[in-house]
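The structure under discussion appears below in the form of structure tokens.
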Amino acid sequence: EVYFKNLSKQKQKQVMEKNGNNHKLRVCVATCNRADYSKLAPIMFGIKAEPNFFELDVVVLGSHLIDDYGNTYRMIEQDDFDIHTRLHTIVRGEDEAAMVESVGLALVKLPDVLNRLKPDIMIVHGDRFDALALATSAALMNIRILHIEGGEVSGTIDDSIRHAITKLAHYHVCCTRSAEQHLIAMCEDHDRILLAGCPSYDKLLSAKNKDYMSIIRVWLGEDVKTRDYIVALQHPVTTDIKHSIKMFELTLDALISFNKRTLVLFPNVDAGNKEMVRVMRKKGIEHHPNFRAVKHVPFDQFIQLVAHAGCMIGNSSCGVREVGAFGTPVINLGTRQTGRETGENVLHVRDADTQDKILQALQLQFGKQYPCSKIYGDGNAVPRILKFLKSIDLKEPLQKKFCFPPVKDNISQDIDHILETQSALAVDLGGTNLRVAIVSMKGEIVKKYTELNPKTYEDRLELILKMCVEAASEAVNVNCRILGVGISTGGRVNPREGIVLHSTKLIQEWSSVDLRTPISDALHLPVWVDNDGNCAALAERKFGHGKGIENFVTLITGTGIGGGIVHQHELIHGSSFCAAELGHIVVSLDGPECLCGSQGCIEAYASGIALQREAKKLHDEDLLLVEGMSMKEEEVVSAAHLIQAAKLGNTRADSILRTAGTALGLGVVNILHTMNPSLVILSGVLASHYVNAVKDVINRQALSSAKTVDVVVSNLADPALLGAASLVLDYTTRRIY
């Protein structure tokens, strides 16, 4: 907010000059139903809060004004907005003909309203037939149109209406990267497309911690607990009304059999509505002890209800869009939302043709908790939209320009309010330091934060959350869109559950720790966790020498020895998440003791701890320092001193390093004979000291068919952070239903 207010003050003068001295942008927001108001209200509040820039006119029409749908215009009045015009535009009948007649009635009434208001721009939302009438009227009357949520894909006639409005609109606010690419492919002007996220997420992401039990009790009864009830919201499918009514009947039968308290919202005003209401009454839903049937729930309260539900079921876009912000399980029925991008919380039942199939879906989903998803927004949509509105130059020609031919998917614009950099929050939990970074899709570390890693679990988790919140806030200022959080940590990790199973001795109080849940709940972002060695391999696969290589191995040579194995382009975790513990390959039966309790491991020879141990022995025997070296009295002996001594001609130190290199090389030979990779990447601070020794051992010891392997030193500065980021970037950018 502070950033946006400062930006507004800086640009106020030049915007006034551009659009004429003291001319405020007159914005008409037209809302047709409870669903579109939940998206438009945050924008309306933002416009109202800046009277120096904007004049707001509110037009209410459609089902807002019908008693059967809850007279939802009252919630607009309760939000303290002045309604300038009320238009009764719905022709009752709830069939296809009534929808057409409603559009015609709106087209008859709207010209008089628009002539009277004379707005500079009209904001239209979504894909409803009412919105098509609004866009058609404004376009024919030479009024600029800003369309919210264009470019998305779903089922039914809504797709055609949404794309028709896109062709009429002059400016576009979309919610996802895919929607933006669809608009570009539809030949819309790149400079007039804003990727902002969904405005409703600005409210959603600040809502979950509010008092919710009283709301649940009001709507579902005093005895209902959180995660122990269902929210059902199902609408007619206008392209197949008969089937959608049958599916609704099966859904109600399944819910009755499932025997959980259920809040059922009445369907919308589309054709088929009456038949669905008859099905509800035929089955006695309004009087059933397990059901509460309501026409409307205020959006603030609806947020709380779905956030704490055990499951949501139906075919509303709310289920696949907004509910993902809370990780609530969703069962999406039928084809109405086919093509929508969804989070992992959504289970699709495309052919919901039997009660048993729906019942099985309820049994699978009910009571689960998924990572929070930000596919449709990050809570900062309204500031972006207001900034976009202020950039509109009313002196520009009104006639739309289309960009032919369609541009390629990878073309982007360097305009701050149009394009933000897809990025990840990367967390690296080391033995000494805790680091958090904003990492872009190209592997650029945009911003990095470093703190000492606390010794206790509570302090460590508190610091992680604090640093992540700070980085996420800063991401808006540096024009980055955070897609999720990736965490790299030492020890054995279950990446499926986001749990650290066992930690290394370097990180205390770090076993059986669930990292995903608290961080996802706090940031409303999906979270991925993996071992630091695996993360190093992922970093190489995405940004380093492993890019495009089918089979390769990464070895980390640092305080300990770790690594990751990529086979057929996929990371290997193993049956108990213990794969690629490469530091514990035994190369000698009677070698030095390792921290793992065994003897003769690579780590006991070649790790930084092992070299430090040998350096201390030499120092204690007064055999470490040679001419050209000096140490302060309080200085701690380290592996670096051993390496320096070897370079300056200390034969004992050089022998220790050669033994360490040989041990590492023998381990690599074992890997070659087991996995047969085409590439071995040495990473970490000791990699450059070992690479030649490893190559020599391979030439002496490996089978001739394995000697062709390439051995290289990593060129990545921060493989742990980049690997943590790739956990996010590789997954979120391909998760499209």
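Glycine is treated like the rest: Cβ placed from N, Cα and C.
Features of the protein shown, as given by TrEMBL:
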ACT_SITE  Asp532  active site
BINDING   Arg492, Thr504, Asp532, Glu581, His584, Glu603  N-acyl-D-mannosamine binding site
BINDING   His584, Cys594, Cys596, Cys601  Zn(2+) binding site
DOMAIN    52-390  domain 'UDP-N-acetylglucosamine 2-epimerase'
Q.
I need the neighbours of the N-acyl-D-mannosamine site defined by Arg492, Thr504, Asp532, Glu581, His584, Glu603. Which other residues of that chain put their C-beta within 8 angstroms of the C-beta centroid, in sequence order?
A. Gly490, Gly491, Asn531, Gly533, Gly560, Ile561, Gly562, Gly583, Cys596
**Q.** For the domain 'UDP-N-acetylglucosamine 2-epimerase' (52-390), the mean pLDDT of the predicted model
**A.** 91
Q) Apart from His584, Cys594, Cys596, Cys601, which residues in this chain have a Cβ no more than 8 Å from the mean position of the Cβ atoms of those residues at the Zn(2+) site? A) Gly583, Val586, Leu595, Gly597, Ser598, Ile602, Glu603, Ala604
Q.
Considering Cα atoms only, can you say which of Asp532, Cys594, Cys596, Cys601 is the nearest neighbour of His584 (N-acyl-D-mannosamine binding site) among these recorded positions?
A. Cys601
Q) Which recorded positions (Asp532, Cys594, Cys596, Cys601) fall within 10 Å of Thr504 (N-acyl-D-mannosamine binding site) by Cα distance? A) Cys596
(Q) I need the least crowded one of these recorded positions (Asp532, Glu581, Glu603), counting other C-beta atoms within 10 angstroms of each C-beta. (A) Glu581
Q: Can you check which residues sit near Cys594 (Zn(2+) binding site), meaning Cβ under 8 Å from its Cβ, same chain, 6 or more apart in sequence, and list them in order?
A: His584, Gly600, Cys601, Glu603, Ala604
Q) So how many other Cβ atoms are close to Thr504 (N-acyl-D-mannosamine binding site), meaning within 10 Å of its Cβ? A) 20
Q. For the binding-site residues Cys596, Cys601, which one has its C-beta crowded by the most other C-beta atoms within 10 angstroms?
A. Cys601
**Q.** Max pairwise CA distance, angstrom, over record-listed N-acyl-D-mannosamine binders Arg492, Thr504, Asp532, Glu581, His584, Glu603
**A.** 16
**Q.** Distant-in-sequence Cβ neighbours of Arg492 (N-acyl-D-mannosamine binding site), under 8 Å, six or more positions away
**A.** Val500, Leu501, His502, Asn531, Ser576, Phe577, Cys578
Q: For His584 (N-acyl-D-mannosamine binding site), just count the other CB atoms lying within 10 A of its CB, please.
A: 20
Q) What is the separation, in Å, between the Cα atoms of Asp532 (active site) and Cys596 (Zn(2+) binding site)? A) 17
**Q.** Rounded Cα-Cα span from Glu581 (N-acyl-D-mannosamine binding site) to Cys596 (Zn(2+) binding site), Å
**A.** 11
